[in-house]
Amino acid sequence: MADIDPVSLASQLINCASVTPARGEVFDVLEQALTPLGFTVHRWVMGEAPDGPTENMVAIRGEGSPHFGFAGHLDVVPAGEGWVGDPYHAAIADGLLVGRGANDMKSAIAAFVAAVASIGQARGTISLLITGDEEGYATYGTPRIIDWLNERGIRPDMILIGEPTSVDRLGDTIKIGRRGSANMWIDVPGVQGHVAYPHRATNPIGPLARVIAALDSVHLDDGTDAFPPSNLEFTGIDTPTHASNVIPGSATAQLNIRFNNLQRGEDLVRMVEEVAAREAPGATVRARISGEAFLTPPGELFDVVVSAIEEETGAKPELSTSGGTSDGRFLIQLCPVVDFGLPNATMHKVGECAAVEDIRALARIYARALRKVVG
């Protein structure tokens, strides 16, 4: 079986401008790499704007247990301004692969494909679960992949997610869980009027301020051994009118709660609703729960990834639940999941990049993990 250079494959993927939600060419490139390795590739497009259309891919090789799954996403965030070169044309400079998606997370996908190629034939099953909708709301992304697997009775024994989790050097951190995330909007009604005639208006800003003050003083929890304390942060305050002589007819506050596994999203929404009703009668709360907190307990996947990293780098990784969420919040429904990938200093930034040697070392780590399970 021919070797695959993960840097070359990552470059081909970067050269496809796959801003979320993604479909088409970037999936063609990945399928062309997987088919010669013996994978059966299933692809489908679903959904409509603004969250779609989105393409998903499930690639499967082999059958039966053990079943080692790898999950990732081919969509990227918009490039933004200020790039020295074309963000959708991969370039190598000073030992770095530069381009949108080099860090998050086209290089990790390429590294896993290279890892599969390097181990040759294997027992059991290897699968890749790849979505084009991770950077957005994932409406038509990984949850729909899970539906596809469930409909066919396919269930991996473990899933490695290639998100960039390392901090200062490759292999220093893996994510064994993630916090949940809930976005909420508190709408307080009023009656618009001229500031010179306040008796003819009802100002919603005072009641909204009381809601904000009350929620800002809420102590959610003290955290756990695995998670930091849950945290509520206000992220925006707005009114429909911005003239200095107009009392607005409504006011809205936006907040986000990052929460640990002591909390549940729906309970937090209910708490915010109760505070809003008490401090600002008539207020309504809109909510979008991006995902619940999850934690992977010690087990085979945990041991396999840690030992593969130690063998390649000589150092034991930190086990962390910090940072943002990942599609692990969905995949945990299927089996144990762990996130591990490149150093993440440049993810989503202008000039996003990954060290060439890190990409190749990541492929070797993934190969070590694969051999321990299906080799």
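Every residue, even glycine, has its Cβ placed from backbone N, Cα and C.
The feature Zn(2+) 1 binding site is assigned by TrEMBL to HIS73, ASP104, GLU163. In this structure, HIS73 (Zn(2+) 1 binding site) is part of a beta strand by DSSP.
Residues annotated as active site in TrEMBL: ASP75. Counting only residues at least six positions away in the same chain, the Cβ atoms of SER18, VAL19, THR20, PRO21, ALA22, THR54, THR131, GLY132, ASP133, GLU134, GLU135, GLY136 sit under 8 Å from the Cβ of ASP75 (active site).
In the three-state DSSP assignment, the secondary structure recorded for GLU135 (Zn(2+) 2 binding site) is coil. What TrEMBL records for ASP104, GLU135, HIS348 is Zn(2+) 2 binding site.
The Cβ neighbour count for GLU134 (active site, proton acceptor), using a 10 Å radius over every protein chain in view, is 27. For GLU134, the entry in TrEMBL reads active site, proton acceptor.
Mean predicted confidence for the domain 'Peptidase M20 dimerisation' (176-282): the pLDDT average there is 97. Per TrEMBL, the feature domain 'Peptidase M20 dimerisation' maps to 176-282.
Cβ-based neighbour count (10 Å, all protein chains) for GLU135 (Zn(2+) 2 binding site) stands at 20. Straight-line distance linking the Cα atoms of ASP104 (Zn(2+) 1 binding site) and HIS348 (Zn(2+) 2 binding site), rounded to a whole number, equals 7 Å. Counting only the Cα atoms, the space from GLU163 (Zn(2+) 1 binding site) to HIS348 (Zn(2+) 2 binding site) is about 12 angstrom. The DSSP secondary structure for ASP104 (Zn(2+) 1 binding site) is coil.
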